[in-house]
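> The substrate binding site annotation in Swiss-Prot covers Arg64, Asn166, and the record cites sequence analysis as its basis. Residues or ranges marked as site 'Transition state stabilizer' in Swiss-Prot (evidence: sequence analysis): Lys10, Lys222.
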Amino acid sequence: MRWVSMRVIKVGGSVLENLEKVFKPEIFRDAVVVHGGSRYVDELAKKLGLNVEKLTSPSGVTFRRTTRKVLDVYIAAVMKANRELVSFLRRQGIEAIGVSGVKEVIIGRRKKLIKAVINGKIMAIRDDYSGIIKEVNVEMIRNYMKVGVPVIAPIAYDPVENVPLNVDGDKVAYHVALALKSRELYFLSDTAFLINGEVIDKIPRNRIEEYFPYSSGGMRKKLLMAKKAIESGVERVIIEGLNGRTVIS
């Protein structure tokens, strides 16, 4: 398997409004960008008076319950984030191209049920529109790369149910990195990996699991994706925040 010298960058929703503070033009050239948008979703839901329930998985990861109404808000919000990120990159001289999962770049399958811990019990929820990523349309992404830097929204398309899906941006970035055989997966977040308030500069590839107990929420998810990416052939994973960077290799 030949891995290519390009990177996949995940721009977290938490840094979209502060991107100029962490923006480095050299890392965005010859790259594919994936982004989040949680803040945008929360803001739009609040504006519309829609209550968005936050749940916790049995593994301790917090996620948004995506009903059909929440899905509509989610798509509108992350596409707004997509437009703003593309606009920012173009102002910096990067020929960015907005890409939506609705255009079948990310193929997914709607989860038949999701599990959440509610009142101390593991419950099954079936009315959810979140998805599992099944396939990345490599040919379509490479065609976009011929003319610029693709900026991919975290939306998948389920061809069986003919519906768009809420998919996690970190997982999209991981799957895109593997599909494109990228050497580097780069997370731009609000913070690097911390222990007791101190940035951990390096994590050896064979010791990632040792750091799991010191992580939670979105950072736990990033470490999980980093472990899977390294095990699958990605050479290094970087978590860069406003306070420094953590290199996993």
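All positions are counted from 1 along the displayed chain.
Here the Cβ of each residue, glycine as well, is placed from N, Cα and C on the backbone.
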> Around Arg64 (substrate binding site), which residues of its chain at least 6 apart sit with Cβ under 8 Å of its Cβ?
Ser38, Val41, Val52, Glu53, Lys54, Leu55, Val70, Tyr74, Asn166
> Given Lys222 (site 'Transition state stabilizer') and Lys10 (site 'Transition state stabilizer'), what distance in Å do their CA atoms have, once rounded to a whole number?
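Lys222 (site 'Transition state stabilizer') to Lys10 (site 'Transition state stabilizer'), Cα-Cα distance: 10 Å.
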> Based on Cβ atoms within 10 Å, give me the single least packed residue among the recorded sites Lys10, Lys222.
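Ranked by other Cβ atoms within 10 Å, the recorded sites Lys10, Lys222 bottom out at Lys222.
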> By a simple count, how many Cβ atoms lie within 10 Å of the Cβ of Asn166 (substrate binding site), its own Cβ left out?
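Around Asn166 (substrate binding site), other Cβ atoms within 10 Å: 25.
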